[in-house]
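Following: one structure in structure tokens, then a few remarks.
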Amino acid sequence: MSTWTSDATAPRSTWFLRGVRAAFSLPGLILVSSFIGFAALAKDAGVTAVQAAFMTGTVWALPSMVVLVGAIASGAALPAAMFAVTLSAIRLMPMVMALAPEMRTGKTPQWVLYLLAHFVAVTSWVLAMERLKRVPPHMRTTYYAGIGGTLVTTNITVVTVVYAVADALPSAISAALLMLTPMYFLTSLWGSARERAGHVAMVLGLVLGPVFHMVLPQIDLLVAGLIGGTVAYGLRLWRLKVRAA
Amino acid sequence: MFILVAGFAATDIWRFLGVYLGGKLSEDSDLLVLVRTMATALVAAVIGNLIVFPGGALAHTSFGLRIAAAALGFVAYLASGKRMAVGIATAEFLLLAGLYLNF
């Protein structure tokens, strides 16, 4: 394995391009496939191509985007939609908290970090946490801008293209595309859960979501999230207490 | 406008807070664990709804086929040592095979 010290003098543009190249990887490819799924989902829900592309650039977090599309499709009120999206995006905070110190040097301007934080979502975060160690500290923000910028622009393009061709696809292919999003979430969410409580919360949410969808369709996600999360947290406290006793 | 308020503002507030709090708050604090379990359950609820109550072309497939494809895809993901590509490909293959065989 090469160390970065050998080319620590490489110019900034080189590190930006290396970040761009890092985006073209298996995680990047999986992300593209799930954005294909998202575009199929959004189109199906009556969201326009411009809205979907705009959402990709501004929200840039698939679970939040799917929640938002669901809210638009079910005609939810703005406060309810905002609350559900806010709750779905909370997990971004600890991710940024872990990443920001990796990129911060004494000279890094604060606004650069706030700007780059917008690129944080599961894929770019996983790529960065894995590769930033091999990038010289003062080039890390540049490298991450390469990864994040490439992923965002690529997927805005992907969403636009899918909207253009979706109508021409056979129904089996459309069905397969719509299956991409839940499978992507199912695997990535399980893999990113840090403690067992996360896995418990996930199983509870999988069951409670459809249950509350039938009972309380307007606020199903919120209720499932609050109840599932609290129960998983309660079980964790109880287990810690049993172990301590 | 709806997207900007309910989407952009609602997500980036957490990213900004993350930069601001970076290093000040422990990742293992109890409050953060609760917040994470709630967020996880909410996203899992989204997954459940997408599989149980899908839209579009996926709505024309049978409930049993969708559940079987997703469940076996997830098993393949775990069995392959948490390789997402394996899990996703398995579920997609089973779904398409099931549709082809008219399940």
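For all residues, glycine too, the Cβ spot is worked out from N, Cα and C.
What TrEMBL records for A:22-42, A:48-73, A:80-99, A:111-129, A:141-166, A:172-190, A:197-215, A:221-238 is transmembrane segment.
With Cβ pairs under 8 Å as the measure, the transmembrane segment (A:22-42) is packed most heavily against A:48-73, out of A:48-73, A:111-129, A:197-215.
Beyond the transmembrane segment (A:80-99), the same-chain residues lying 6 or more positions past its ends with a Cβ under 8 Å from any Cβ of the stretch are 59, 61, 63-64, 67-68, 71-72, 117, 120-122, 125, 128-129, 218-219, 221-222, 225. Long-range Cβ contacts of the transmembrane segment (A:48-73) within its own chain (Cβ-Cβ under 8 Å, at least 6 residues beyond either end) map to 34-35, 38-39, 41-42, 80-81, 84-85, 88-89, 92, 118-119, 121-122, 152, 155-156, 159-160, 163-164, 181, 184-185, 221.
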